[in-house]
Amino acid sequence: MARHGDTRSPSPVGSTYSSSRRNRRDDDRYERSRRDDGRSYRRSRSPERRYRERERDRDRDAFRRRDRSLDRRDEDSYRPGRRERSRDRRRSRERDDYRRRSRDRDYRSRREDSRDRARRRTDDSADLKYKSRRDDSRDRAKDAPRSRETSKPSTPAATAAPTEDEKRAERLAKLEAWKQKQAAEKERKQREAAAAGGARSILEEIDRKSGLSPAVSSPQSPATPGVDATPGTYTGKFDPKAIAKSASSTPAPPAVLGNDVAVPPSVKPVTTIPSQVKPKSTTSASATLKAKGNVGGFGLGTKQAADTEKSTATKTLGFGEEESTRRKLERLPTPPLEDAKDVNGTADGAADEDEDDVDMQDGGTEEEAAAAARAAAERREERLQSEAIKAQSNGAESNDTVMGDAPSQEAADNMEVDAQEEEEIDPLDAFMSELAESAPPKKKVGAKFSRTKEQQPEALFGDEHDIDMTAVGDGDADDFLAIANKAKKKKDIPAVDHKKVEYETFRKKFYTEPSDLAQMSDEEAASLRLELDGIKVRGVDVPKPVQKWSQCGLGVQTLDVIDKLGYEKTTSIQAQAIPAIMSGRDVIGVAKTGSGKTIAFLIPMFRHIKDQRPLDNMEGPVGLIMTPTRELATQIHKDCKPFLKALNLRAVCAYGGAPIKDQIADLKRGAEIIVCTPGRMIDLLAANAGRVTNLRRVTYVVLDEADRMFDMGFEPQVMKIMANIRPDRQTVLFSATFPRNMEALARKTLTKPIEIVVGGKSVVAPEITQIVEVRNDDQKFVRLLELLGNLYSSDENEDARALIFVDRQEAADALLRELMRKGYPCMSIHGGKDQIDRDSTIEDFKAGIFPVLIATSVAARGLDVKQLKLVVNYDAPNHLEDYVHRAGRTGRAGNTGTAVTFLTEDQERYSVDIAKALKQSGQKVPEPVQKLVDAFLEKVKAGKEKASASGFGGKGLERLDQERDAARMRERRTYKTGEEGEDEEEKEEKNEQAEERFNKAISSVQSTAAPSLPGVPKGIDLDGKITVHKTEKDPNSTSKNPLDKVGSAVADIHARLSRAGVMRSGVPIDNRGPDAGAFHATLEINDFPQKARWAVTNRTNVAKILEATGTSITTKGSFYPTGKVPGPGENPKLYILVEGETELAVTNAMRELMRLLKEGTIAAADSDARAPVGGRYNVV
């Protein structure tokens, strides 16, 4: 029946609802006419009728409230409507109701009865009244665990059938025999325990301290003669662990010894717990079998006292309370597995008996459980007696006091811990409860549950805890190191041994020379190349240039896309490069800006990819295109898209600044082409231990703007990627500029390349009008406004664009603010902005949303903007290649454009490259610019200036490697580790001699008036000759007494020995005076930059020099600002005094100090030059 307090909470862990669901459902379906018929199957001792009527009234009241809100509030009910309808049908006693079931009826019986059962269990826990057959069939499976948990003594029903009386008499006879046997065994064990009196006293003392009684009485056996025991009312709660054991489908969890049978603690008459009195601590039957021996059973190692009869108290340990369970470290006594089988089998069998046998159902189930428990107790007692004897013998041999199992101490037997039962103890509960226990006298190492030796819980959990902590600590240390090493190697791409990898064969050559080109002679081919903007080729077996798209050997889909894009004829670079690439050759293509280089390498790539098999799952790309800038990568990817759809190919654009997760997702879906920047490609190859993508399928590699890719800023990353690609790949390099030094690096990655140059290397296109003006800084902005005004004054230039280049990010933002104030809508782009802002700005500029764009050199390469008619170099480019690429943003694809460059008077260095570009493109050099060029060349001849090298000269990884190698070699020379061989020493000496000769030659050419390094004070030559002075002592100042000389020498030796190798913070490195050494030298450092002064005065560098040379280095004087001269009587300017015993030692120390000064000065100059920029890019 439904009851109050019903919830939707699942059944407790181990409850009997799960195990007896099938039986309860059967009862619901087939016994509806019986469960509410009002017949009583309970024993006459209970006030059943009054209880039953009261319960029915309450249950009916629960279903009268039909309002959903009231039910939800009062009963936590979710379906009161269904419950009421099903309740109405349930009151019907006709059997026809069962046959005329609706879907709601079945739903009610399955869904709502589960909540009714939970409510009934809550109500029945207080008085355990026997109900109708429906309630009993549902609660029958709970009887067995309840009998193990409660302290209720049970007797056979007085109204049992004659067969039941015979069974009961037989069981009573067996029980009497068993009790006599127990009494004899108890007397024997008490005699054996006489020798353990001292241990008993200790145990009793511990029990008193921990609040335990020396003996705890046990409830009377239900079969004790002469006692008419009545079933006591159960007022406790169910133990979830005991319920779980009975609900398990397999008999693995052992059952509790005795179920409803309590073993008497002694031969004396025992007291019976009356059913009317509620115990102070609600316990189970197994818990009431508690005696002090079970405390010793967990490790105190003492035998139980023989005088347990002293205490007649009925105090029990409250194992029914969850709090008590945590407070006392006790284990529930359980029988072996075979006993559990008997008990569970009895309970399950009773649940499955004939449903018509209602009268004897309850009594039969209870008595069978009791009989099975008694039989199990007999079998267990025999086994425990033999084990106790063995335990005593083992304890005598190991000098351990073993607890004896006397008949009166059956609770101690029940608390015996079996090896098979280890999993039943919760380690956390045991450890926490032990905190409240008194500490044992000593710990036992290697604690282990066994039947023969009782071990202490502290030893068990303490040892396990220590062992686990040690193991975890060691493992964690290793894990942390592994994680740290893994983080260091995060971006390392392992080198691939191509000899061990089997690559698929692929075809490179797709080009077949047309017949009309094959008939052309070499002279005709040379004249054709001359007509095509003067194509220059270098290499073996160079194909003749094509004149139309149909001669390139392309597919129909590709030709259709070319027609749709409006490419009527090939450009010069396309006419020569496409046949060369389609022939399978490596190509270096150099052509002017805006000449169609992108299409020249894309079209052969599509043909190359379509010839190979499709990509399988998790295979990498076939074509790889690397670019130096993110904007160029997005532009190439955009140029690919028209062909990708027609050819059913996929491409991924991977560059830094964008979320890598999106790029990883695109690569995992599969892509034949990847357009990337080198840094992000390395990230993708190293991501997820190389599982994101790989380069095994790559057979076609393109390096766009190749001269920048092989500059020091990119060359290490590019070479790392190229080393992981198969050696027989086809590699194509394209750029508008290609210095000679970059060309030498690029040829290392190519195999017999064909070099194609259209119009010359590093040449501005002739369609571009170049204007170079020399102006002061305050005049440049006014001139810029004039240029923009002239551009947009005519209507034909209404849609024109203007691109303004500056050298620094701060300058770009400042110029943006000024132009916005003047009314020009503009935007800025530089490396300091987020990538999404850079992309959106480029797109808006191309779309004409704003006509003016201010940019650093990140927008100088590859940017293709239609209607771009004006390029202004607001800050002059610092080398030729940058100027060519900046000017090449206009005048593209045959259109005309204008490039204006501003120079200032102090930018003589940059004027040389600009004048060279003007001459190569056939334009006249203005007079002011030529004056700047001549003035700079005169300074170079005089040694006042150094001619700048062509190219970017970025600071890549090679510089870091070189610095590390130099530092390692210095340490080897300093500390003489012995790792270097004689050959290395000879090489080092030769290199040093060569450097000295080179330095002497340079110093003889350089002018002493103008130092070669910025920041070096005048009059100081760091590469000049080092002057060492010999310290002269006044002969009159020394004592003529020989003893004084000996004493001073000894003191000096002791001082040096005690000071050698000692470095303490706050103490000067060496404070010897000018007379400490025979030689000394000075080096003034007052006017050097702060970084240079720090390099020669910090303790780390000075300590290295001291160890290497054995000299004394002292900083003297005072620091004076630049231009201030110390007056008479003041300290001299800051200088370093180096003293040593030999001239060579002082010279070596001075040379090392001067080297540090030189490096510090160079570093200061570099930082000053880079400080205003604040971005990643120097000039791109």
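For all residues, glycine too, the Cβ spot is worked out from N, Cα and C.
Keep in mind it's a predicted model, so treat the numbers as computed, not measured.
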Per Swiss-Prot, the range holding motif 'Q motif', considering 402-430, 547-575, 605-633, 1069-1097: 547-575
Any residues 6+ beyond the ends of the motif 'DEAD box' (704-707) with a Cβ under 8 Å from its own? 588, 597-598, 601, 625-629, 632, 636, 733-739, 742-743, 746, 861-862, 881, 951
If you count other Cβ atoms within 10 Å of each one's Cβ, which of the binding-site residues Gly594, Gly596 has the most? Gly594
Counting other Cβ atoms within 10 Å of each Cβ, which of the binding-site residues Thr593, Ser595, Thr598 scores lowest? Thr598
Least surrounded among the binding-site residues, given as Lys592, Lys597, when other CB atoms within 10 Å are counted: Lys597
For the motif 'DEAD box' (704-707), report the average pLDDT of the model, please. 85
Give me the long-range Cβ neighbours of Ala591 (ATP binding site): same chain, 6+ apart, Cβ under 8 Å, in sequence order. Ser572, Ile573, Lys597, Phe734, Ala736, Ile756, Val757, Val758, Gly759
From the centroid of the CB atoms of Ala591, Lys592, Thr593, Gly594, Ser595, Gly596, Lys597, Thr598, the recorded ATP site, which same-chain residues not already listed sit within 8 A by their CB, in sequence order? Thr571, Ile573, Ala736, Arg892
